[in-house]
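Asks: Here it is: the structure, laid out below.
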């Protein structure tokens, strides 16, 4: 007769994790790390590497096991095996462009209420499809409408989601926002018993991965300018990035903007110096600079609604490249394209999201 036995359920993990045992009959969850109780080998493998699990026993009450809860471990948390992916670079750029990392000063408030850290990403209303796709890929977080502005806020504040996101962006940061990430890591190491590493700024070329495309999706701007006054009509294609000069931690943002400018044959200029919010601006002023932007975005595309503006912008850039643009004869054509870009766009086709990065690719 055939032998009926439980199926071995091998799991692939990158790092050592805890697993738990309990007495027979006291099953607390059917999904211990995605593994069935008693039927998992003592060793697990990840791409040929054997990893021995640390065993910890506990009774009926999960709170007796300090700092651990079964809900913290999901397949996405355990199976995420690399921060060196285009998804990771893109998300890091997106967060550094229009995201924030909030870390409480203590584990509990003076009244004993538990404080929760969070990471938030701001999306324009028209970029909701991208926000939903990222939420689906990460498998955590909530999206809410921000009152008073045309924006949605994607918030991640649960343990497993934040640990996953820390592992994704850690080592891929290129701006001063890395210090906010390090404060969050310090908080988890202090209050949750983790041993997360604080990785340094990423020093890879800024055009060697998808970080810049994520940053552009947050803060970039593509524009067409058509001037008919005077004897010589003029058409211009411009790409811009603006950032405050000094951030809220009193740190200068010039260093990474200079790297961006250098990579696209442009320069950083100071603007609004007499205002309360002086800024740095990168603006392309030549065909060479515009083509550098195009060459990068062909390899590492945009995924927000700016991709649609970029596609229209490129139509005119290509006319310059081919030497076929006549500033007078092409004026109406350019004005028509311009009339449907940026805030004037009313039709959105999201086919390009089919090419969005997977978590581990």
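From the backbone N, Cα and C atoms, a Cβ is placed for every residue, glycine too.
Curation plays no part in TrEMBL annotations; they are all automatic predictions.
Per TrEMBL, the features are:
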type	residues	note
DOMAIN	91-186	domain 'Homing endonuclease LAGLIDADG'
DOMAIN	212-317	domain 'Homing endonuclease LAGLIDADG'
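Walk me through where these features lie, including what they touch and how far apart they are.
Replies: Taken through DSSP, the domain 'Homing endonuclease LAGLIDADG' (91-186) splits into 42 helix, 24 strand, 30 coil.
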Asks: Pop the mean pLDDT for the domain 'Homing endonuclease LAGLIDADG' (212-317) in here, whole number is fine.
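Replies: Mean pLDDT across the domain 'Homing endonuclease LAGLIDADG' (212-317) comes out at 96.
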